[in-house]
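Colleague: Got a structure for you, written out below as structure tokens; questions coming shortly.
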Amino acid sequence: MLDLSTVRSVLSDEYDLAPSATLANEMQDIYARMDRVVSPPDWAIYAPYVRAINVLKKQRNAVILGHNYMTPEIFHGVSDFVGDSLQLAMKASEVEEDVIVQAGVHFMAETSKILSPQKIVLMPDMQAGCSLAESITAEGIDEMRVKYPGAPVVSYVNTTAEVKAGSDICCTSSNAVQIVNAMDSDTVIMTPDQYLAQNVANESHKNVVYWPGSCIVHEQYTPQDLREFREWNPGTRLIAHPECPPDVVAEADFSGSTSGIIKYVHDEKPERAMLITECSMASNIADELPEVDFVGPCNMCPYMKKITLEKILFVLHTMEGQVEVAEDVAVKARKSVQAMIDLSRKLGL
Ligand code: 13P
Ligand code: SF4
């Protein structure tokens, strides 16, 4: 486990990371992407880290892949490429730099390593897991195959490399319906997210059977929350991620992956919107959509929030936190992930 006092003592020996209003002022161009959600005193704290990371990543020939759930100072300040799980996986398969820093959770870093085994993949905090990835093991996949003989296994990318290796193909929330529909079988096994599977089943002609996992961020919402919110705030557009339970998705005006949500808000520009997903989503698009008032409660992902500027700088400096996947597992897992990427490209997703 990362010891923060060690991290701080290593960094303070090498870098001047004291809050600086002068530096914050010099870096106004970056701050302008997040000034609606990050206060000037907070920016004065972040600016020295952002500068140090951006200098160091060039020296290391590194690229930072940031998921849409990263906090704004990571998302806008240091990420070279941002996106949803599918976009990040596609990008990881084509990066030219020697080092990938995964500003996201562990399964995303493993996916990057599976797709780019010759690269160094750095995880700023190995404890940044995922309740979905932890809900199933390779034995769980075997159990499902025994229960539903002959049915293909479609596993969410939110799984370990071993689970991907035991699956036929992967999916993400932006291609799950299309991937399931493309399977050559009436019954399709989906793991590990029961709610994503039920939402896919509602849009697909397949008999979808599923594993009972769930996301601790999205399972907390209830249809009652959405009904009450609508009653108190008429006219608010409710936009839900498909990891939410189906009765929550049914109450929403739109459901989509994190990039689907961003596209919807850009296209529709509702006066007021509530994003029924992780908190950073609204923060990251608030500046580019000044006409939209983002309101309402949101839920934090404690795993995503383990990633900080300080830890990104530390792993780039020390090159600690390298993600490894055993070759025999990686070979099989790559087939499942690559099958998803190839099918997504073919379908123009
Ligand atoms: P997407 O970005 O693919 O929608 O996934 C959301 C998520 O929960 C990732 O952990
Ligand atoms: Fe996992 Fe949910 Fe966090 Fe995404 S938001 S990393 S699915 S726990």
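Cβ atoms are placed via backbone N, Cα and C, with glycine included.
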Colleague: Using only what TrEMBL says about iminosuccinate binding by HIS67, SER85, TYR156, VAL157, ASN158, SER173, HIS241, PRO242, GLU243, identify which of THR137, THR258 is listed for that site too.
Modeller: THR258
Colleague: Same-chain residues six or more away whose CB lies under 8 A from the CB of ASN158 (iminosuccinate binding site)?
Modeller: SER85, PHE107, CYS130, LEU132, ALA133, PRO192, ASP193, CYS215
Colleague: May I ask for the distance between GLU243 (iminosuccinate binding site) and CYS301 ([4Fe-4S] cluster binding site), taken between their Cα atoms and rounded to an integer number of Å?
Modeller: 13
Colleague: Using C-alpha atoms only, work out the spacing between HIS67 (iminosuccinate binding site) and CYS301 ([4Fe-4S] cluster binding site) and round it to an integer in Å.
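Modeller: Spelling it out, the Cα of HIS67 (iminosuccinate binding site) and the Cα of CYS301 ([4Fe-4S] cluster binding site) are 12 Å apart.
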Colleague: Three-state secondary structure of HIS67 (iminosuccinate binding site) from DSSP?
Modeller: strand
Colleague: Give the subset of the binding-site residues HIS67, CYS130, TYR156, ASN158, CYS301 lying near ligand 2, defined as CB under 6 A from any of its atoms.
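Modeller: Checked binding-site residues vs ligand 2; flagged CYS130, ASN158, CYS301.
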Colleague: Provide the three-state secondary structure of GLU243 (iminosuccinate binding site) computed with DSSP.
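Modeller: It is coil.
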